[in-house]
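Quick look at what Swiss-Prot lists:
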SIGNAL    1-21  signal peptide
LIPID     Cys22  N-palmitoyl cysteine
LIPID     Cys22  S-diacylglycerol cysteine
DOMAIN    135-226  domain 'PpiC'
Amino acid sequence: MTKLKKVMISVIAATLLLLAGCGSSAVIKTDAGSVTQDELYEAMKTTYGNEVVQQLTFKKILEDKYTVTEKEVNAEYKKYEEQYGDSFESTLSSNNLTKTSFKENLEYNLLVQKATEANMDVSESKLKAYYKTWEPDITVRHILVDDEATAKEIQTKLKNGEKFTDLAKEYSTDTATSTNGGLLDPFGPGEMDETFEKAAYALENKDDVSGIVKSTYGYHLIQLVKKTEKGTYAKEKANVKAAYIKSQLTSENMTAALKKELKAANIDIKDSDLKDAFADYTSTSSTSSTTTSN
């Protein structure tokens, strides 16, 4: 789960905020001496300082301009529940996370996304250009295995009438989808491994199965679940816009948006130990394609 590390930073940030300025009260006592709140704060600041102060500061800045609703957070949370299935709670637990702490980080990520969207050029010309190569989302099942021999074995079983969903549960090494018969979330161009995506979009009719597809993850067999014909620009504009925005939520564009928000906030760092915390966001060396359409 790519966002779990960021959630840990959220938890640490909250702890640092509570410890700041707390003084000499002991948090741990031993016969050899005590660990004070000040000592803990300084140690955590040294280890996590820059990341923590960045997230705390950006959260404060973004909350003043953008709103993330509980409904939006819950919808994002549900995606992870569905993706990880029965292993979701154990995955959170193994990373010392709770439902609440994970949702807090999802809220922060959504704030960053909204700031990035606000700085995008979503003009008609941009959308029409994007529409030329855009395709509607496609839904497929897949079976992922480590070697071609196993993939051929599955192919034979499919030809003999065995169900794709049953074979996915039995063979697929993709634990996030195997229990659900290999079903993947709908995806569009540029969202998957290029070879996998090309093979998926080449399927024409429901339940068609691809040949063996080699990707960076292993060997796949892909079954088409749903494929929608591409409509006119006027008909598809809302879908095109959503896909375009999603394609522009890159690290580069998010950083550019945060730079702009930080500059507008007139930040003043009081703690000299954290003077370089925002160096990556105040430099002018990097550029981005993200621009405001206003």
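Every residue gets a Cβ built from N, Cα and C, even glycine.
DSSP states for the domain 'PpiC' (135-226), grouped as helix (H, G, I), strand (E, B) and coil, give 32 helix, 23 strand, 37 coil. Per-residue pLDDT, averaged along the domain 'PpiC' (135-226), amounts to 96 for this model.
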